[in-house]
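Colleague: For reference, the structure I am asking about is given below.
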Amino acid sequence: MEISPGSSTHERDRKGSYGHRERTRSHSGSPSRFYSKDKRGSSRQGVRPRDRDSKDSISPQYKQRNWSRGGGGGGRDRGRNDFSYRKKGKDYNKRRDKRSRSRSRHRSPKRSGSSKKSKRRNSSGSSSSDLMDTSLMSELKKHGDYGSSSKSKKKSRKRRKHSSSSSSSSGEAMDLPVSSNGMNVTAIPPPPSFNINPFQPMFSQPPPPPLPPNSQFMTPPPRPPPAPFSIPPPSVDIHFAATASFSLSSIPPPPPQTDGGASSSKRQDPLPMPPDSKRIATRPVITTRRGHATNRPSDSDSWYKTNLTHYTMLDQIGEGTYGQVYKAVNNLTGEQVALKRVRLENEKEGFPITAIREIKILRQLHHKNIVRLMDIVIDDISMDELKRTRANFYLVFEYVDHDLIGLLESKELVDFNKDQICSLFKQLLEGLAYIHNTGFLHRDIKCSNILVNNKGELKIADLGLARLWEKESRLYTNRVITLWYRPPELLLGDERYGPAIDVWSTGCMLGELFTRKPLFNGNNEFGQLELISKVCGSPNVDNWPELTELVGWNTFRMKRTYQRRIREEFEHIMPREAVDLLDKMLTLNPEKRISAKEALNHPWIRSLEHTTVQPLKLPQHQDCHEMWSKKQKKSARLGRQAEGSSGSGHSIRATSHPRAPTQPSTTTTKSNGSSNHHHHHHHSHHHASSLPPSGGHAPPPPPPPTQASSTSHNNHQPVPQSQYQSVFFK
């Protein structure tokens, strides 16, 4: 046996006893014979092979084979009683730690249940060549076509003898890049003196081509860029990769490794990220609600390009809780507009919510019978003034000459016939049906919010209280709609309402167009309910089953029960078809109330022929609106007070209603008899205090009239008209 002259004394002693260990090992043909011999010993009785395996891994070497620490032992263990195993102290501990580290580093995942033969091979030496050699051989036995013949075993023993003599030349390990199934790993290469030619008969497949020189391993070719959406490579064990490098011939060259050694080979490349999808950023398209897309006005692009200095205010035409409304002229175009000033004095949270709602809703509603919002402007002030004071916001609307309340109160200027009233009311229903169809509630229908221009075109305005309606799925406030136009369900505290509330208000306006007076002008909610009950009947469970669910029903107590008498009250002043539509719009139960769309299909509306309707004769020199009407009433009242006559004082009391017609005192005195004659028969008790009591009349039913009263009665031929005026005009 050749021993390298450069080896140490310890190496020579160990290698000298190597032959004896090989001869002793050849007596056992398989690992099973070791187990059978071990079972004869008393120290291995009743221990299973797996348990013994795990127990041997944590016990000292001299206890695994019944070695004696003093150096004595059987013939099989005589070769292990070498100086390297008898020596105590630091050298022995270092060798034991080195053996445990080498076993853990080179142990394959399937070595946990290996035989004793492989364990003795691991403990036979501590040099790097033996450790690497045994690791490669064990893998070749597992994965190659290695038989159990004695010839193969003898060759393996000769190979171990030959490799032990070259321990000095195998001190350094080189990185061997190996590729298997697309996975690039790094394995420890065999020593330079390792010759694989004697092992070629052990493989069933043809021999692989010779390995490339060492320089190629040190400078591998650059890694190609990974293809997008590539399949992640499978996980490959490092020991199997080292074996596969000798058996697979069609392996591509490996990419360079950043870190050498076995520890870096277990690191897999991160999963390739897919390329970023090129999404086209599209702007959201804002359309009207519920699929009713309409074209925006052509001047919407000119918003926010002007301020208040571009307008000249002419006169104030309205005022309310929201602010003031002014008539103005655009200095650039000469067009008349209406500037609605948004009041900010009492706002603690900035811009009022009612103005925000009106702006949002009006920008979604585009109809010929709805007023058009044109722009929003602010005061032309500097930044320093803006810090000290609040800027005024103005909503710019198209200017409409009149409102309906101003036209109704100017009887000497405007007079409507039945066809003209039907034409105006049809336009009102068309605008209201459009609002409801787009999913909104107006919640403030009244005469002052209905505008009419000089061409006779009607437009709905003031959508500050409008809200989006969600099919009665949520609660809304019942403190909406002016009291005179408020439906009974809101008066009783209903908070789950729908478009029927606007239909009731529109029905009140239908009667007001013919009578020129509000139908129900109560002073409070209970008084308003009492007036409604006198004309529309008392609400009860029979005609309104959901009445008991309302909050105000338990606290509302009527003085008496009234019958419904709408047709009797209005048949003599309205067409029969119009009375039928009014009756359906003033239904107490909101579930049975007609809708705006259904009202457009009513026979009275459908019978209208626009070719036969005469155009409205509206005043061209005077704009009739609510504020102008109030000024006229105030001046007339001051003029009557200046006269100082006793009759004028009575006339003022008789016309104390804000929209009652002014009548001379003689006319009022003359009509006292007829009006008081029917006072208890009709339900106009809210005017009774304005009429002087008459002591010569009996309680109802009235007695037969005397000759004088009969003569006076004959002098007034239109008796039904006189009766109606006593109810609604006094």
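The backbone N, Cα and C atoms fix where each Cβ goes, glycine too.
Here Swiss-Prot flags D444 as active site, proton acceptor. Under the heading ATP binding site, Swiss-Prot lists 317-325, K340, 398-403, H625, citing similarity to another entry as support. What Swiss-Prot records for 9-21, 75-94 is compositional bias 'Basic and acidic residues'. Per Swiss-Prot, the feature compositional bias 'Polar residues' maps to 57-67, 714-730. Residues annotated as compositional bias 'Basic residues' in Swiss-Prot: 95-122, 151-163, 676-688. Residues annotated as compositional bias 'Low complexity' in Swiss-Prot: 194-203. The compositional bias 'Pro residues' annotation in Swiss-Prot covers 204-230. The feature domain 'Protein kinase' is assigned by Swiss-Prot to 313-605, with sequence analysis given as support. Look at Swiss-Prot and you will find 1-230, 246-283, 623-730 tagged as region 'Disordered'.
Can you tell me where each of these features sits in this structure?
Modeller: Non-local neighbourhood of D444 (active site, proton acceptor): D462, L463, G464, L465, A466, V480, I481, T482, each in the same chain, at least six residues away, with C-beta under 8 Å from its C-beta. DSSP assigns D444 (active site, proton acceptor) to coil in the three-state reduction, placing it in neither a helix nor a strand.
I317 (ATP binding site) counts 22 other C-beta atoms within 10 Å of its own C-beta, drawing on all protein chains shown.
The predicted model assigns the domain 'Protein kinase' (313-605) a mean pLDDT of 91.
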Colleague: Most Cβ neighbours within 10 Å: which of the binding-site residues G320, G323, K340, V400, D403 is it?
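Modeller: Ranked by Cβ atoms within 10 Å, first place goes to D403.
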Colleague: What does DSSP assign I317 (ATP binding site), in three states?
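Modeller: Looking at the DSSP assignment, I317 (ATP binding site) belongs to a strand.
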